[in-house]
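As annotated in TrEMBL:
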type: BINDING; residues: 52, 54, 56, 58, 63; note: Ca(2+) 1 binding site
type: BINDING; residues: 91, 93, 95, 97, 102; note: Ca(2+) 2 binding site
type: DOMAIN; residues: 39-74; note: domain 'EF-hand'
type: DOMAIN; residues: 78-110; note: domain 'EF-hand'
């Protein structure tokens with residue numbers, strides 16, 4: 001599975017391009033721009049599994065750092081500051097990782 005199975009390639013490119021500057025990433029705007037906000041909870045869960053590179057059932061800090069690359073391979077990595085902000089927004093139970101339900105809630109809140 002790839003992101004373009006669920007999301008429009010042009011939307012992905014526009015969204016990734018909007019956050020090329022370091023420390024500019026805003027997950028709420030990104031999820032809206034890329035079209036994730038409009039997807040069904042089932043599709044959001046499928047996208048979660050694409051982002052969960054090590055198939056642990058969670059998106060950990062390292063995976064969050066490369067979240068833009070999951071959408072577009074030539075995108076940049078997030079800065080440490082951006083990762084911490086994204087993790088704080090999504091990690092509802094304080095285990096320093098984002099589970100599928102937390103990710104679905106994070107997208108829904110966007």
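Including glycine, each Cβ sits where the backbone N, Cα and C put it.
TrEMBL does not curate its annotations; it predicts them automatically.
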Compare the C-alpha of residue 102 (Ca(2+) 2 binding site) with the C-alpha of each of the binding-site residues 52, 54, 56, 58, 63, and give the closest one.
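Closest by Cα distance to residue 102 (Ca(2+) 2 binding site) among the binding-site residues 52, 54, 56, 58, 63: 58.
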For residue 97 (Ca(2+) 2 binding site), write down the residues of its own chain that are at least 6 apart in sequence and whose Cβ falls under 8 Å from its Cβ; none is a fine answer.
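Result: 56, 58, 59, 60, 61, 87, 91.
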Near the Ca(2+) 1 site, what residues other than 52, 54, 56, 58, 63 in the same chain have a C-beta no further than 8 Å from the centroid of the listed C-beta atoms?
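Here the nearby residues are 51, 53, 55, 57, 59, 60, 97.
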Would you list the other residues of this chain near Ca(2+) 2 - those whose C-beta lies within 8 angstroms of the C-beta centroid of 91, 93, 95, 97, 102 - in sequence order?
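Not counting the recorded site residues, we get 58, 90, 92, 94, 96, 98, 99.
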Within a 10 Å radius of its Cβ, which of these binding-site residues (91, 93) has the fewest neighbouring Cβ atoms?
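Per-residue Cβ counts within 10 Å for the binding-site residues 91, 93 bottom out at 93.
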With DSSP helix as H/G/I and strand as E/B, how many residues of the domain 'EF-hand' (39-74) fall in helix, strand and coil?
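Computed counts for the domain 'EF-hand' (39-74) are 21 helix, 3 strand, 12 coil.
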Counting across all protein chains present, how many other Cβ atoms fall within 10 Å of the Cβ of residue 95 (Ca(2+) 2 binding site)?
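Summing over all protein chains shown, residue 95 (Ca(2+) 2 binding site) has 11 other Cβ atoms within 10 Å.
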Among the binding-site residues 52, 54, 63, 102, which residue has its Cβ surrounded by the fewest other Cβ atoms within 10 Å?
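Each of the binding-site residues 52, 54, 63, 102 was scored; lowest Cβ tally within 10 Å is 54.
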